[in-house]
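In what follows, a structure is listed as structure tokens, so that the remarks can point back to it.
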Amino acid sequence: MSEIQLNTIEEAIEDFREGKFLIVVDDEDRENEGDFIIAAEKVTPEKINFMLKNGRGVLCAPITEERCQELELDMQVANNTSLLGTPFTITVDKLGGKCTTGVSMYDRAETILALADPKTKPSDLGRPGHINPLRARSRGVLRRAGHTEAAVDLARLAGLYPAGALIEIINEDGTMARLPQLIEVAKKFDIKIICIKDLIAYRLRTESIVENGVEVDLPTEYGHFRLIPFRQKSNGLEHIALIKGKFEKDEPILVRVHSSCATGDIFGSMRCECGEQLHEAMRRIDQEGKGVIVYLNQEGRGIGLMEKMKAYKLQEDGLDTVDANLHLGHQADERDYGVGAQILRHIGVTKMRLMSNNPVKRVGLEAYGLEVVENVPIEVKPNPYNEFYMKTKKERMGHVLHNIK
């Protein structure tokens, strides 16, 4: 993607503000596809017709979580098991006015405009319908690097109502359009083209989602570390950076991004390998003489301690760690790597040798503009209490665990 000249985010925001289409390209490690995206309040029947004729995908309308609540739009399913967790709500049509069946270009445009109209009430929308609202995650692409969040972020950055309309771009032969074809589409229709990774980098460059506290010395059994606390502005959660040694700009640093685990890190629980991994990471950094541990306050893969204990109870009753989360209405993994990425940037880390067995973590950090030059395994020996848990992580979550057969 870097070899092809894309448009800048600044250029894209200006066009978006004027009601023009953008082509937004996903990352190669994700769907690797492009969508036509436009601000919801700028939609017309003619523009909807263009999207359906030239996009050929599924017409959707990304809106915020708050807007979904205001319009009482429930999710299509309680447990979203789609590959990338695409957040579809129940489908809708605008009721009344000149709208009829909901399927015409006029009706679809009116429905999308209604979603972006603060005066629209839940009773103004028929369910089911012909428009697929998508619930964008709070904090946008800094929380989830998807087209849904990109549409809402672009609207906000353009000073418009935070809602959009999008459709996947499919080739005439029915295959998904990839970057070379998308470049040709952009040229044909004189539409600017950007990638989500650049939008993430723009937001990280222009916004601060964390603030740091005072730096202190922390003597440990693995030598001295510098400890810097960070507070996440969006929710007040506090995180920690442990730093050893000095490093140069762009130097590949040994890094562990570790989500908090009170049971394992503090009490030495044998139901997981978290505590052992944390101590092994500290030992390796001490041995190397330099490195960073980002300790994220994301207990239970992001669901919190109370919910984690409910999941533990379900595991005692026979469910595995993934199904326990899904049973409780959570995703298998709800961790937010955007905050970790900004903490790393704040302390000067842009390239790293990442200590992790989780390929999703690598993809998650790289999505925020960081470079993982090497993935360093940090595998520990399983015990009778965590072997099934680790087997589940290997088989259902893609963790690279050679000690698990």
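Glycine too: its Cβ is placed from the backbone N, Cα and C atoms.
GTP binding, as stated in Swiss-Prot, involves Arg256, Val257, His258, Ser259, Ser260, Gln277, Glu299, Gly300, Arg301, Ser356, Lys361; the candidate among Thr321, Thr350 given for that site is Thr321. Of the listed candidates (Cys195, Cys261), Swiss-Prot assigns Cys261 to the same Zn(2+) site as Cys272, Cys274.
Not a single one of the recorded positions His130, Ala145, Arg335 has a C-alpha within 10 angstroms of the C-alpha of Cys261 (Zn(2+) binding site). For the recorded Zn(2+) site, residues Cys261, Cys272, Cys274 set the reference point as the centre of their Cβ atoms, and the other residues of that chain within 8 Å of it by Cβ are Thr263, Gly264, Asp265, Ser269, Arg271, Glu273, Gly275, Gln277.
For the binding-site residues Ser260, Ser356, the largest tally of other C-beta atoms within 10 A is found at Ser356. The two recorded residues Asp333 (active site, proton acceptor) and Arg301 (GTP binding site) have their Cα atoms spaced 5 Å from each other. Cα distances from His258 (GTP binding site) to the binding-site residues Ala145, Cys272, Cys274 are smallest for Cys274. The two recorded residues, Ala145 (D-ribulose 5-phosphate binding site) and Arg256 (GTP binding site), show a Cα separation of 21 Å. Around the Cβ of Glu168 (D-ribulose 5-phosphate binding site), the same chain contributes Glu33, Gly34, Asp35, Gly55, Arg56, Gly57, Val58, Met176, each under 8 angstroms and 6 or more positions distant in sequence.
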